Amino acid sequence: MYYLLSLIQLIIFLTFMINSFKKQGLTSIVDQGKIMFILWIMSLTLYDLRLSSLYNPTITINIIGISIWGSFFILSRYIFLKKEDITYTLENVKKYGVNEIYSVAANVIFVLGLSLFAYNVNKYGLTILEENRVNKQPLDHYSSYVIYMLVLASEIKYILFRNYRKILDLIIFMISIFALFLTLNRGPIAFLFVTIALYEVFNFINISKRLSKTQRYITYGSLSLLIIGFVIFFGFVGNLRMEYVLEEVYQTTLWEHYGVSTLMPSALLWVYVYITSPFENIAFSLVNETVSYAYFNNLLYPFIKFSANLIGKGEEYKAWLIGRGSYTPYLQEKVGLNAATFIPEAYQDFGFIGFIVYLGIYILIAYSTIKIMKTKVGYSSLGKILIYTNGTSMLIWTVFTNSFKIPILIMNIMLVLFIEYAYKKGYFKFWFEIKKI
């Protein structure tokens, strides 16, 4: 039955993509509603195909998954990016003085992030040089916030370099990427990849009319190579981290460990298990575990915990929340896969109603960021691109976890919104006055 479900979903996906390309062309693959539809329907389709012996699909998880991709399908019919929205944004990137403020902000993040990374390496050593690299680079809790904001610095410098061709921007971009690579955390690298990939597609859409047929093919090839390169890099980091554990602890191969065919290349294996294993974890949990409702304390945790800390009740509050129980990703003990989408915490917060609330908020995020991208006033082009791409990463990560708890993406968006607001209010006039002296 699940093979039939996967076939039906595949037909729906192909029909949708063909119609979207006919109407919107490449714009259809950078529209958030369509991105989320594609991500969730293809993840569920691949899960139902059971290419891993670890997987046991259920009706419940399919109903939930279909309701998610169905909701984003409806959103994509109601509001979506048009070619003129992207063209207007890209053609006006250089017309805003706030770009200079973004560059300075990126420089500050770069200096602080690199300094704190060096401090942590000196304190804990460099994990990538150790024999056992299964864990990420150890970082102090608060230091990690600044270090991972190198993602935003890299995004800013990449876009600025593509527009102004300043070598310093390229140098900061490259060093930041290298530092992020050394953390052995694939998440931040993936966030950066999303921004670069979306920007390059935006740019191609903007200049496509001016390109010859040969130049278009070269661009298509370059974008394809970018995606292939990311998949290979993603697999390389995965192999690097698991090499010691597979040989010394499990004493098995990567393919045997995850129950997939040896015909699947390791890079594709990593992508497959990462986007499908969350469905297995939540499918098992919903059937076999029960928890007490947390009444949206997971959703509002950062704010409630902060308030509790102010009155000296932080640890007491944390203990209470832990005592409510949580769904356990059972593949974590089995093969080390602990991702489980946003669904477990949504259900823990208030059952199916909690799920509806979470899904509604994610749809609202998509709607809001699309509206910002479409607007012609109130935001700089660079600001719009950064808000849209980081918002896209937040939405994409729903297939892995409750992305409301990814501080780096929230901090990136908040900083961009602050810069946009402060610039509009004239708070940065002093900087431009100093430059005139």
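Positions of Cβ are set from backbone N, Cα and C atoms, glycine also.
Keep in mind the model is a prediction, meaning the values are calculated, not measured.
Feature annotations, reproduced from TrEMBL:
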- 6-22: transmembrane segment (TRANSMEM)
- 59-80: transmembrane segment (TRANSMEM)
- 101-122: transmembrane segment (TRANSMEM)
- 142-160: transmembrane segment (TRANSMEM)
- 167-183: transmembrane segment (TRANSMEM)
- 189-205: transmembrane segment (TRANSMEM)
- 217-237: transmembrane segment (TRANSMEM)
- 257-275: transmembrane segment (TRANSMEM)
- 282-304: transmembrane segment (TRANSMEM)
- 350-370: transmembrane segment (TRANSMEM)
- 382-400: transmembrane segment (TRANSMEM)
- 406-423: transmembrane segment (TRANSMEM)
Task: Go through the chain and flag residues at least 6 beyond the ends of the transmembrane segment (6-22) whose CB is under 8 A from any CB in it; none is fine as an answer.
output: 28, 34, 37-38, 41-42, 44-46, 48-49, 66, 73
Message: Can you work out whether the transmembrane segment (350-370) touches the transmembrane segment (382-400), with the criterion being 3+ CB pairs under 8 Å where the paired residues are 6 or more apart along the chain?
response: yes
- line: Under 8 Å Cβ-Cβ from the transmembrane segment (406-423), and at least six residues away from its ends along the same chain, one finds 97-98, 101-102, 105, 145, 148-149, 151-152, 155, 187-188, 191, 302, 378-380, 383, 386-387, 390-391, 393-394, 397
Task: Determine which residues of the chain contact the transmembrane segment (142-160) at the Cβ level, with the cut-off under 8 Å and only residues 6 or more beyond its ends counted.
output: 93, 99, 102-103, 105-107, 109-110, 112-114, 116-117, 119-120, 166, 169-170, 172-173, 176-177, 179-180, 183, 185, 188, 191-192, 195-196, 199, 382, 385-386, 389-390, 407-408, 411-412, 415-416
Field: Intrachain neighbours beyond the transmembrane segment (257-275), with Cβ under 8 angstroms and 6 or more residues off its ends
entry: 39, 42-43, 46, 51-54, 231-232, 234-236, 238-239, 242, 246, 250, 335, 337, 339, 399-400
